[in-house]
Amino acid sequence: MPPPERGQGPDPHPGEEAAPPAPPVAIRGFLLYRDFLLDRAKQEAMVADLRAVAGEAPFLRPMTAWGKPMSVQMTSAGRLGWVTDRRGYRYEPRHPGTGEAWPAIPDSILAVWRAVSGTGRLPDSCLVNFYGEAARMGLHQDKDEGDYRFPVVSLSLGDEALFRMGGTKREERTESVWLRSGDVVVMGGAARLAYHGIDRIRFGSSTLLPQGGRINVTLRCVTSS
């Protein structure tokens, strides 16, 4: 299979190995694949796949461990889904609202993982966050997984978002970059446990989602095998 044109991303056919993407930009250990999924039709196909996920596992407004509702809406796909409530942060095999198992991770999303993760291991979990106009995500670490050898892969769809990157200690200096629809960020190695967050979105900057907003997809390996 010939490699994709720069910025065109992987060919999301089931089980097919994606060609290597264009080289990323390294920012504080985070690897940014700018315009990785530039093709509008592929972005729309991914959104359709994620709508199907949400049809089986509806979006929820999660509650933090200290009882405060988060500004984003969340759902998941895969063997395990990330949940939060007064019991704390954790992964669960079933949707907390429906009691059903999470739907499978779409092949179009897995193709991104295959292209940039650098591992043959497939992710256990696909967390899907929806950001409305006022939504944000404070600085945090992704540390609820049982094995940090594998990266976290993040895909942006829809409105632009100001992504803040720090170090492994909260007090370390940070750096921010605007993420566009189709950008992919890989957090592995030294950046695997780095603090990161979303300061705000630029609502209406993309026409991918008819009502505006941003979808962020993060793929994680939760267990060691």
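Placement of Cβ uses the backbone N, Cα and C atoms for every residue, glycine included.
TrEMBL entries are annotated by machine, without manual review.
Quick look at what TrEMBL annotates:
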type    : residues                                                                       : note
BINDING : Trp82, Tyr89, Arg90, Tyr91, Asp144, Arg170                                     : substrate binding site
BINDING : Asn129, Phe130, Tyr131, Arg214, Ile215, Asn216, Val217, Thr218, Leu219, Arg220 : 2-oxoglutarate binding site
BINDING : His140, Asp142, His196                                                         : Fe cation binding site
DOMAIN  : 122-223                                                                        : domain 'Fe2OG dioxygenase'
REGION  : 1-21                                                                           : region 'Disordered'
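Here the features listed in TrEMBL are placed on the structure.
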residue: Trp82; record: substrate binding site; DSSP (3 states): strand
residue: Tyr89; record: substrate binding site; DSSP (3 states): strand
residue: Tyr131; record: 2-oxoglutarate binding site; DSSP (3 states): strand
residue: His140; record: Fe cation binding site; DSSP (3 states): strand
residue: Arg170; record: substrate binding site; DSSP (3 states): coil
residue: His196; record: Fe cation binding site; DSSP (3 states): strand
residue: Ile215; record: 2-oxoglutarate binding site; DSSP (3 states): strand
Near His140 (Fe cation binding site) in space, meaning Cα within 10 angstroms, which of the binding-site residues do we find among Arg90, Tyr131, Ile215, Val217?
none
Please report how many Å separate the Cα atom of Leu219 (2-oxoglutarate binding site) from that of Arg170 (substrate binding site), as a whole number.
23
Using Cβ-Cβ distances, find the residues under 8 Å from Tyr89 (substrate binding site) that belong to the same chain and are at least 6 apart in sequence, listing them in sequence order.
Ala65, Trp82, Val83, Asp144
If we check Cα distances from Arg170 (substrate binding site), which of the binding-site residues Asn129, Asp142, His196, Ile215, Val217 wins as closest?
His196
The one of Trp82, Tyr91, Tyr131 whose CB sees the fewest other CB atoms within 10 Å, among these binding-site residues:
Tyr91
Within the same chain, the residues at least 6 apart in sequence whose Cβ is under 8 angstroms from that of Arg90 (substrate binding site) are Trp82, Val83, Thr84, Asp144
Looking at the binding-site residues listed here (Tyr91, Asp142, His196), whose Cα lies nearest to that of Tyr131 (2-oxoglutarate binding site)?
His196
On a count of neighbouring CB atoms within 10 A, which of the binding-site residues Asp142, Asp144 is highest?
Asp142
If you average the pLDDT over the domain 'Fe2OG dioxygenase' (122-223), what number do you get?
98
Who sits close to His196 (Fe cation binding site): which same-chain residues at least 6 apart have their Cβ under 8 Å from its Cβ?
Phe30, Leu139, His140, Gln141, Phe163, Arg164, Met165, Gly166, Met187
Compute all pairwise C-alpha distances among Asn129, Phe130, Tyr131, Arg214, Ile215, Asn216, Val217, Thr218, Leu219, Arg220, the residues listed as binding 2-oxoglutarate, and give the largest one in whole angstrom.
20
Quick one: pull the CA-CA distance for Asp142 (Fe cation binding site) versus Tyr91 (substrate binding site), whole Å only.
12
Sequence gap of 6 or more, C-beta under 8 Å: which same-chain residues meet both conditions with respect to Ile215 (2-oxoglutarate binding site)?
Val47, Leu50, Val128, Asn129, Phe130, Tyr131, Ser156, Leu157, Gly158, Leu209
